[in-house]
Amino acid sequence: MEAKTIAMSLASNRSLIIPTSPRSSFVSTSRFSRLPLKRACIGVGGFRGSALTRWNPIVSNRRRLVPVRATNSEGSLGLEKVKEYEEWDSWTAKFSGGANIPFLMLQLPQIILNAQNLLAGNNTALSAVPWLGMLTGLLGNLSLLSYFAKKREKEAAIVQTLGVISTHVVLSQLTMAGAMPLPFFVATSAVVTVGIILNCLFYFGKLSTTLWRLWEDFITVGGLCVLPQVMWSTFVPFVPNSILPGTTAFVIAVVAVFMARTEKLPEEGVKFVQSLSGWTATLMFMWMPVSQMWTNFLSPDNIKGLSPITMLLSMTGNGLMLPRALFIRDLMWFTGSIWATLFYGYGNILCLYMSNCTSKLFFAASTIGLISWIGLALWRDSAAHGHNSPLRSLKELVFGS
C-alpha cells in the first residue's frame with residue numbers, strides 16, 4: 001500500500017512531513033494521529049522504557065523529518081504535544097535519578113555511626129542493627145537492579161546500585177563487629193560482586209544471553225526462597241521458628257525455573273516466571289512497612305526510636321520515582337513505590353504524629369507535600385499522554401489500555 005504522510009507545522013510556516021505506515025495501521029490520521037499502544041512504544045526523543053502511550057505524533061525514530069509548508073494550525077498544536085511529552089519524559093527520568101539523594105542520606109548516618117562505634121571499640125552497639133533485615137534489603141536491591149538494567153532504566157538502576165553498595169558497607173561493618181557471621185558475609189560479598197559485574201556487562205551489551213539467563217534464574221530462585229521466610233519470621237514467636245517456608249519456596253522456585261527453561265510451560269507461564277524476580281524484590285520492600293507496623297503494634301514505645309526525618313527521606317525517595325513508573329506504565333515499579341511512599345514513609349510519619357513524637361507542622365507539611373506531588377504527577381502524565389483525565393493514565397497502568 002502507498003505510504004501516507006502527516007504534516008505538522010513549525011515556526012515560520014514550516015512543517016514536518018513524517019512517512020507513516022499504511023492507513024490500516026492507524027485509528028485516525030486527521031488530528032494528531034491516535035496510535036495503537038504497540039506503535040507508541042517505539043520511542044520519542046530520549047524515551048528509555050517500554051512506555052504505553054496513546055499520544056505520539058511521531059511514529060518512528062528511524063525516519064527522516066522533511067520540512068515543508070504548513071497548511072493549517074493543527075500541526076503546530078501537534079508539535080506542542082510532542083514537546084510536552086518529551087519534556088515530561090525528561091523530567092521523570094531526572095526525578096528518578098534524584099531519588100539517589102534521599103536514599104543515600106538514609107544509609108549515610110548509619111554508616112557514620114557504625115564507624116564511630118567501631119573506632120571507639122563499642123562493638124556491642126552494632127548488634128542493634130539486624131543483619132538479616134539488611135541482607136534482605138540488599139537482595140531486593142540486587143534483584144531490582146537486574147530488572148531495571150534489562151529495561152534500560154539508567155536512573156533507577158543507579159538508585160539500586162547505590163542501595164546495594166551502601167547496604168554492603170553496613171554489612172561489612174557488622175561483620176567487623178562480630179554481629180554478622182563471617183561465612184554469610186563472604187557469600188554475600190561474592191554474590192554482590194558477581195551481580196554488579198554481570199549487570200554492568202549486560203547493560204552495555206557485553207554479556208552473553210546464556211550467562212544473563214543463568215543470573216536471572218539465580219535471583220528468581222533466591223527471591224522466592226527469601227520472601228516467604230522473611231514474612232514467616234516476622235511473626236515469630238507467635239508462630240514456630242521454622243525454615244520450612246523458605247525450603248518449600250526454594251523447591252517450588254527451582255521446579256518452576258526448570259520447567260520454564262525447558263519449555264514445559266505455556267507462553268504465559270514462562271512470562272510469569274520471568275517476572276517473578278522483580279515482583280519478589282518489590283514484595284520484599286513492601287513487606288518492610290508491614291513488619292515495622294507489626295513491631296509498633298507489639299511495642300508502641302519503640303516508635304519513639306523512629307526518626308521523623310528518616311521517614312520523610314524514605315517517603316521522598318520513593319515518591320520521586322512515582323512519576324517515572326507511571327509514565328512508562330510499569331505496574332510493578334509503581335506498586336512498590338506507592339506502597340513504600342504511603343505505608344512506610346507517610347504511614348510511620350502518621351504513627352509518630354499520633355504518638356505525639358513529631359510536631360503538627362511537620363505532619364501537615366508532609367501531608368500537603370505528598371498529596372500535591374501525587375496530584376502533580378497524575379496531572380502532568382495525563383497531559384503528556386493527551387488524556388482528559390488522570391484516571392485514564394491509571395487505567396492504562398493497571399490494564400494496559
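Note: Cβ is positioned from N, Cα and C throughout, glycine not excepted.
The model shown is predicted, which means the values in this text are computed figures rather than measured ones.
What TrEMBL annotates here:
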TRANSMEM  128-149  transmembrane segment
TRANSMEM  156-176  transmembrane segment
TRANSMEM  182-205  transmembrane segment
TRANSMEM  217-236  transmembrane segment
TRANSMEM  242-260  transmembrane segment
TRANSMEM  272-290  transmembrane segment
TRANSMEM  333-355  transmembrane segment
TRANSMEM  361-379  transmembrane segment
Open item on the list: Contact between the transmembrane segment (128-149) and the transmembrane segment (217-236) is defined here as three or more C-beta pairs under 8 Å separated by at least 6 residues; is that satisfied?
Closed with: yes
Task: Dominant neighbour of the transmembrane segment (128-149) in 182-205, 242-260, 272-290, 333-355, 361-379, by Cβ pairs under 8 Å - done: 272-290
- [ ] May I ask for the residues of the chain that lie six or more residues beyond the transmembrane segment (182-205) and have a Cβ under 8 Å from a Cβ within it?
- [x] 131, 135, 138, 142, 145-146, 149-150, 152, 154, 157, 161, 164, 168, 171-172, 174-175, 211-212, 215, 219
Task: Recorded stretch, among 156-176, 242-260, 361-379, maximising Cβ pairs under 8 Å relative to the transmembrane segment (272-290) - done: 242-260
